[in-house]
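First comes the structure, then the notes that go with it.
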Amino acid sequence: MLPVILIACLAQLVLAQADLKDLDGPNICKRRELYNVDVVYTELQSFQERGSTWCVTFPPRCSTYRIKHRVVNKTKTIAKNRIVRDCCDGYIASAGECVPHCSEPCQHGRCISPEKCKCDHGYGGPACDINCPPGWYGRNCSMQCDCLNNAVCEPFSGDCECAKGYTGARCADICPEGFFGANCSEKCRCENGGKCHHVSGECQCAPGFTGPLCDMRCPDGKHGAQCQQDCPCQNDGKCQPETGACMCNPGWTGDVCANKCPVGSYGPGCQESCECYKGAPCHHITGQCECPPGYRGERCFDECQLNTYGFNCSMTCDCANDAMCDRANGTCICNPGWTGAKCAERICEANKYGLDCNRTCECDMEHTDLCHPETGNCQCSIGWSSAQCTRPCTFLRYGPNCELTCNCKNGAKCSPVNGTCLCAPGWRGPTCEESCEPGTFGQDCALRCDCQNGAKCEPETGQCLCTAGWKNIKCDRPCDLNHFGQDCAKVCDCHNNAACNPQNGSCTCAAGWTGERCERKCDTGKFGHDCAQKCQCDFNNSLACDATNGRCVCKQDWGGVHCETNCRSGYYGENCDKVCRCLNNSSCDPDSGNCICSAGWTGADCAEPCPPGFYGMECKERCPEILHGNKSCDHITGEILCRTGYIGLTCEHPCPAGLYGPGCKLKCNCEHGGECNHVTGQCQCLPGWTGSNCNESCPTDTYGQGCAQRCRCVHHKVCRKADGMCICETGWSGTRCDEVCPEGFYGEHCMNTCACPSANFQCHAAHGCVCRSGYTGDNCDELIASQRIADQSENSSRASVALTLVLMTLFACIIFAVFIYYRRRVSNLKTEIAHVHYTHDTNPPSWPPNHNFDNPVYGMQAETRLLPNNMRSKMNNFDQRSTMSTDYGDDCNASGRVGSYSINYNHDLLTKNLNADRTNPIVYNESLKEEHVYDEIKHKEGYKDPDEYDHLDYSRPSTSQKPHYHRMNDAMLNINQDEEKPSNVKNMTVLLNKPLPPTEPEPQHECFDNTNTNLDNVSTASPSSSPKFLK
């Protein structure tokens, strides 16, 4: 019984420990506890060990002793400390928690803290065992309660238990400020001056705040108590949430923010001052200056940039023809030669220009958008260039002014108008980067290849690239006898009638031969193809075994297929008296009489031929692999029957050139390089030929294989019968001869490059460098007389107008001065006689010798602009002068005085005209180096860009095997598209057929005849009174 009790106590202890160990929640305390632990430790222990040793005694052994050490384990008990969790005093463990403990149980309540009960309603006393009616308490409930505000009195002591929100002995007081609830124990959490209700704790917020805890400001637009009032502020002004006073945003003022800042001020409180020029106001919020029309900038200091106008320069001028517009209102200010609201109307007619519209434009108007009404310069249509707009854009350029670079690849041309790529034959795609798909070729890859036997088609020309062992136009003919490989270019090395494989040249030996090249006979005892068969001859009775068919050569008096018998033919047996029944020259076994079949036969009586595919002795040899013939062979000899048009041991070769048909016994009759079909004899004509014998040239306007394609040449030009290439006149190019040479190129198919030595030349599409209009001479450096007179007349007319205006102004000033002078004389009552003196300059300035001079202001109007390859821009021949030359006479050495006048030309004007070059006749710059727009030309003389200009060699030799194919590499010679493109055929035909400008003999001396001319006449000269020329 005692052990059971001990076990139960131990279990209770364990459970209690487990319960304490799992305690959780409040009212748990920690304490230190001592406990014992048994530990095992080691110890070194000494001991004596007895032994024996030799000694002089009997028996001769003596004892010996020595001390040794050993390790032993021992156990001891030690005390340790540990921290344990346990319920604090007054609490006991229950269901894993520490709960209060009342020693006297609460009868009508519950224990809420150590030794304290919380009684149910209507009960009281330490143990909640007293119950009195409401309003009474004490022993026998004889005493009346005096609690206020719905408070409950304790039935035992009469103490008042106050309702929520009240306090005091009798619960007569509300909770002090900042507290609320039962026993006023809860603390208010209202913020920003808010007060809470003493019962519920609800916050009553101060003005300007809201929210359960008064922690939020009034929302925008609200203010006051409970944020119930609306703000009166305008323009996004904010009101003060407590008082409702408006706080204005920058740029606004007034009680309700209704007014902008006064002019000249801006920003928060309108305290910032504007700093704008031109009297411009500033923005009332940002202070940004609001510039008047025509001005811009942070402070309206800058005028509008070119081609802009209006407020903030936000409007774009829409004036045409480089006209400027008024910066304030956008009114167009037209350049000379233009009129209209937008300066879009020419003063002159479309083909006229000049001050009086008396000059005719030299532009090709079909390809010209504009002939400038003042200068006569041609503004070319998109895709056209040159001074007269007669040339399409040069290679690889397109678009307005030919400024854009084409992105076409692989020799393609591009449309000079929109840059669309016109692919060369064999290419496709937007930029011609994609090769034709297999099986297609030609322009736009529109043609289908007709190559056979695995041949590939060259995408540009459609030429068939034959695989090894094949040839002919369509790769439909095997290699001829004794040739093999790619293009049948290799020679076979097979001997002794061996067959040569046309693909790889391997040898197939005839029966009786072996070796890689069939150079060795079969060894003795072997025969047949590859010497694979063993001779069956009785070597005792035979002389030899034929290496070809295995036939035995018997000794004398011996016979039979294998030389096996000495009986006469047709008999067998011991006495050779039995008749042999074997057929087809077969023999009998001399003993048994069984048939020994001859080559090519089988069966009991040798009556059956070898099965298909076999032949020879005992039908053991297989027929050779036949390339172009019947699958079977002769059952006796193994010979094969080739298909029509083939020969060779294995029918591997077609008929030799010029032969066709069965056994290649028929003769071909094809002409002009036509190839004869080795099977049918039908002629396959080269491109450009037709007819059954290829003896007829393609009809007019047709070309190509079978004459199936039509020529597309313009102007009735002839096309080549082989490839359709048009034979163009000089100055034209393109597959249709419809493209004039681009700027800078000339001659046959535009193959020559212009390298004109000066700006007075122009590149003629047919003849190369020729003089520009208005120039003549070997070096094109002499003005034609009519051109010089016209230029001088116009310049003289301009000078006359200018001098007239100067004289009129001078005359008006003199009249005004005389009027003032005499007015003063009269007012002073004085009389004076005026003396006017005219002086004569007896020492006119020294003038350097000079033959003549040109004023080039208008001298370049009729010129064609040209981009030179390797030359500097030639300057005008106007020598810089400070005074006007009046040299005259036969040698231009005489000088004449012109009254008392000494006229000095404006130096800037002279320099301006002196430095004018052909790119801009009136450009002025202080530095002559800067004046040469084309001074740095990278391409030296003779340079040609291989990526742009490939020269086509029309005399390119043809190959022996493909004489009808020529690869076209020139970018200009690609087959043209039918797409719409700029056409200048009509005008350029006229242009190229025009005679070249006449060449006048070079004048030795040309001078103005100034002998009887004074300055007035020179200054006011008209076209009718032009100075004469002296020769």
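Don't overthink the numbers, they just go from 1 along the chain as shown.
In case you wondered, yes, glycine gets a Cβ from its N, Cα and C as well.
Over in Swiss-Prot, the protein carries these features:
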- 1-16: signal peptide (SIGNAL)
- 25-100: domain 'EMI' (DOMAIN)
- Cys29-Cys88: disulfide bond (DISULFID)
- Asn73: N-linked glycosylation site (CARBOHYD)
- 99-129: domain 'EGF-like 1' (DOMAIN)
- Cys102-Cys111: disulfide bond (DISULFID)
- 137-172: domain 'EGF-like 2' (DOMAIN)
- Cys147-Cys160: disulfide bond (DISULFID)
- Cys162-Cys171: disulfide bond (DISULFID)
- 180-215: domain 'EGF-like 3' (DOMAIN)
- Cys190-Cys203: disulfide bond (DISULFID)
- Cys205-Cys214: disulfide bond (DISULFID)
- 223-258: domain 'EGF-like 4' (DOMAIN)
- Cys227-Cys239: disulfide bond (DISULFID)
- 266-301: domain 'EGF-like 5' (DOMAIN)
- 309-344: domain 'EGF-like 6' (DOMAIN)
- Asn312: N-linked glycosylation site (CARBOHYD)
- Asn329: N-linked glycosylation site (CARBOHYD)
- Cys334-Cys343: disulfide bond (DISULFID)
- Asn358: N-linked glycosylation site (CARBOHYD)
- 398-433: domain 'EGF-like 7' (DOMAIN)
- Asn418: N-linked glycosylation site (CARBOHYD)
- Cys423-Cys432: disulfide bond (DISULFID)
- 484-519: domain 'EGF-like 8' (DOMAIN)
- Cys488-Cys500: disulfide bond (DISULFID)
- Cys494-Cys507: disulfide bond (DISULFID)
- Asn504: N-linked glycosylation site (CARBOHYD)
- Asn540: N-linked glycosylation site (CARBOHYD)
- 572-607: domain 'EGF-like 9' (DOMAIN)
- Asn584: N-linked glycosylation site (CARBOHYD)
- Asn585: N-linked glycosylation site (CARBOHYD)
- Asn630: N-linked glycosylation site (CARBOHYD)
- 660-695: domain 'EGF-like 10' (DOMAIN)
- Cys670-Cys683: disulfide bond (DISULFID)
- Asn695: N-linked glycosylation site (CARBOHYD)
- Asn795: N-linked glycosylation site (CARBOHYD)
- 801-821: transmembrane segment (TRANSMEM)
- 822-1031: topological domain 'Cytoplasmic' (TOPO_DOM)
- 940-964: region 'Disordered' (REGION)
- 989-1031: region 'Disordered' (REGION)
- 1009-1031: compositional bias 'Polar residues' (COMPBIAS)
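Structure with Swiss-Prot features highlighted.
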residue: Cys88; record: disulfide bond; Cβ within 10 Å: 13
residue: Cys147; record: disulfide bond; Cβ within 10 Å: 23
residue: Cys162; record: disulfide bond; Cβ within 10 Å: 23
residue: Cys214; record: disulfide bond; Cβ within 10 Å: 21
residue: Asn329; record: N-linked glycosylation site; Cβ within 10 Å: 11
residue: Cys334; record: disulfide bond; Cβ within 10 Å: 20
residue: Cys432; record: disulfide bond; Cβ within 10 Å: 22
residue: Cys494; record: disulfide bond; Cβ within 10 Å: 24
residue: Cys507; record: disulfide bond; Cβ within 10 Å: 21
residue: Cys683; record: disulfide bond; Cβ within 10 Å: 22
Cα within 10 Å of Cys214 (disulfide bond) - qualifying recorded positions among Cys190, Cys203, Asn358, Cys683, Asn695: Cys190, Cys203
Nearest of the recorded positions (Cys171, Asn358, Cys423, Cys500, Asn584) to Cys343 (disulfide bond) - Cα to Cα: Asn358
Greatest C-beta neighbour count within 10 angstroms, which of the disulfide-bonded residues Cys29, Cys488: Cys488
Cα within 10 Å of Cys507 (disulfide bond) - qualifying recorded positions among Cys500, Asn540, Asn585, Cys683: Cys500
Among Asn73, Asn358, Asn504, Asn584, Asn695, the most crowded of the glycosylation sites [Cβ within 10 Å]: Asn584
Tally of DSSP helical, extended and coil residues in the domain 'EMI' (25-100): 0 helix, 62 strand, 14 coil
Helix, strand and coil totals (DSSP H, G, I; E, B; other) for the domain 'EGF-like 8' (484-519): 3 helix, 9 strand, 24 coil
Local backbone state of Cys147 (disulfide bond), from DSSP in three classes: coil
Neighbourhood of Cys500 (disulfide bond) by C-beta distance under 8 A, where only residues 6 or more apart in the same chain count: Asn482, His483, Phe484, Cys492, Cys494, Ser506, Cys507, Thr508, Glu652, His653
Residue, out of the disulfide-bonded residues Cys171, Cys423, whose Cβ gathers the largest set of other Cβ atoms within 10 Å: Cys423
Cβ-Cβ distance under 8 Å to Asn418 (N-linked glycosylation site), same chain, at least six residues away: Ile382, Gly383, Tyr398, Gly399
For Cys102 (disulfide bond): intrachain residues, at least 6 apart, with Cβ closer than 8 Å: Cys111, Pro114, Glu115, Lys116, Cys117
Helix, strand and coil residues within the domain 'EGF-like 5' (266-301) as assigned by DSSP: 3 helix, 7 strand, 26 coil
Outside the domain 'EGF-like 1' (99-129), six or more residues from its ends: residues with CB under 8 Å to it: 27, 89-92, 137, 152, 154-157
Length of the line joining the Cα atoms of Cys29 (disulfide bond) and Cys162 (disulfide bond), in Å: 34
Nearest of the recorded positions (Cys147, Cys205, Cys334, Asn584) to Asn540 (N-linked glycosylation site) - Cα to Cα: Asn584
Outside the domain 'EGF-like 8' (484-519), six or more residues from its ends: residues with CB under 8 Å to it: 466-471, 478, 527-531, 546-549, 621, 624-625, 638, 648-650, 652-653, 961
